[in-house]
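First comes the structure, then the notes that go with it.
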Amino acid sequence: MKKSPQHLFPVWRGAGGGPSWGWPRCIGWEAVEGEAEPQGFDCPFWCVLCRGGRERLKQACQRGREVLRLPANMLRIKLPHLFDNHQVPKVFREDSIISGYRHPQSSAMDCILSSFQMTNETVNIWTHFLPTWYFLWRFFLLCTTENFLSESYTWPLLVYMMLICLYPFISSCAHTFSTMSPEARHICYFFDYGALSLYSLGCAIAYGSYVMPECWVNSWLHQHFVSIAIANTIFCTSMSCYSRFLELQFPHKSKILRTGAFVLPFVFDNIPLVYRLVLCFSGHCSHTEAVSSHCYHLLFAFLTGFLFASHLPERLAPGRFDYFGHSHQLFHICAVVGTHFQMEAVLADMSSRHSWLIAHSPGPFFLGTLGALALAFILNMGIIGLFSACLLRTPNLSTSGLSTTHTTHTTHTHSKEE
Ligand SMILES: [Zn+2]
């Protein structure tokens with residue numbers, strides 16, 4: 001009677017038991033044909049123990065464990081270590097933020113990965129990255145309803161929409177890559193300031209075309225509104241970039257200069273709007289559809305400025321708001337919510353005042369819209385290029401006024417110990 005195969009003990013297979021034996025081939029569970037029913041630990045167990053099998057069994061088990069452990073190791077990603085403010089060079093420190101700093105010489109890949117790790121920059125990155133997609137989505141919807149190619153009346157809106165998509169995206173990138181080196185940090189923020197400055201031009205172009213009070217249409221200010229706004233972008237980008245060089249030695253001067261650099265174009269852009277709102281509240285305006293959105297925008301714009309200048313709430317409790325709730329995160333959120341209301345207001349004015357504006361003004365033209373944007377873009381890129389070249393050509397300019405030797409050394413030593 002033929003015995004059915006039985007699977008009882010592991011036995012070694014393979015020619016000569018060479019080193020090529022691997023886990024799947026080295027052990028098989030089988031019964032030996034033509035022999036009596038195996039009883040307990042018979043020949044196979046003896047083979048394993050007496051012909052060097054014990055060692056092979058150990059090796060095989062070890063290999064097996066490694067194979068099983070591999071997927072777990074692949075899933076376990078080691079996150080970069082974070083630092084406290086005294087462990088990073090002064091140029092990377094933020095007011096009243098104590099912990100959660102990334103390595104000051106992170107690679108580009110580390111910077112991208114850090115956006116998925118909780119650091120003191122993570123919320124800054126996402127509070128401008130996600131709104132970029134919201135504004136792009138609104139822009140896409142407008143592209144399906146407006147004729148941007150041939151209708152010149154829509155060009156100010158086109159410029160405005162491009163810039164409200166650009167500024168949060170550049171800001172998000174600046175916050176992501178600002179820890180690659182001191183120079184990279186400065187250059188990242190030069191671009192951030194440049195994008196904000198261009199956004200102020202986008203506001204001026206949209207306001208000059210759709211928001212201007214009726215009594216100011218065709219006035220000297222209306223005719224020169226965009227030209228002055230281009231000059232403002234040059235002033236704003238230059239001053240804000242320059243303020244970074246004063247940051248370490250004269251932090252208060254730097255803060256005042258940077259705040260002033262952004263307040264000037266904001267105040268200028270909003271002069272016609274504020275005048276129109278004053279007229280509306282005194283009962284002298286005809287198009288009121290956009291008034292509430294304009295008011296909400298102004299409210300959030302003031303909140304944005306206040307948070308930027310005050311460093312609240314982290315100034316009241318340093319270290320408490322390192323990851324969530326510090327002023328820069330709130331500043332980003334207020335800026336984006338304000339921009340949302342501004343966009344709604346511009347869209348409301350654009351449609352409700354269409355016929356009146358077409359009848360009473362020459363209407364938007366290429367040089368005053370897309371041409372102005374192209375010119376301002378080139379000029380601002382030139383300014384950023386000049387500041388970046390100046391920074392890269394002058395050794396230690398990016399870290400001047402601080403004792404980098406000790407802090408950088410400490411950081412490196414610390415990271416090597418990890
Ligand atoms: Zn920011």
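Cβ coordinates are placed from backbone N, Cα and C, and glycine is handled just like the others.
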Record-annotated Zn(2+) site (TrEMBL): member among His103, His175, His186, His222 besides His328, His332: His175
Ranked first among 153-170, 190-212, 224-245, 290-309, 368-392 for CB pairs under 8 angstroms with the transmembrane segment (257-278): 224-245
Contacting positions for the transmembrane segment (153-170) when only residues 6+ beyond its ends and CB under 8 Å are counted: 128-129, 131-132, 135-136, 138-139, 142, 146-147, 191-192, 194-196, 198-199, 201-203, 205-206, 208-210, 332, 336, 339, 343, 346-347, 350, 354, 357-358, 363-364, 366, 369-370, 372-373
Shell list (Zn(2+); ref centroid = CB of His175, His328, His332; cutoff 8 A): Glu121, Val123, Asn124, Ile125, Thr127, His128, Ser171, Gln329, Phe331
Residues that sit under 8 angstroms from His328 (Zn(2+) binding site) by C-beta distance, when 6+ apart in the chain: Glu94, Asn124, Leu307
Other CB atoms, at most 10 A from the CB of His332 (Zn(2+) binding site): 23
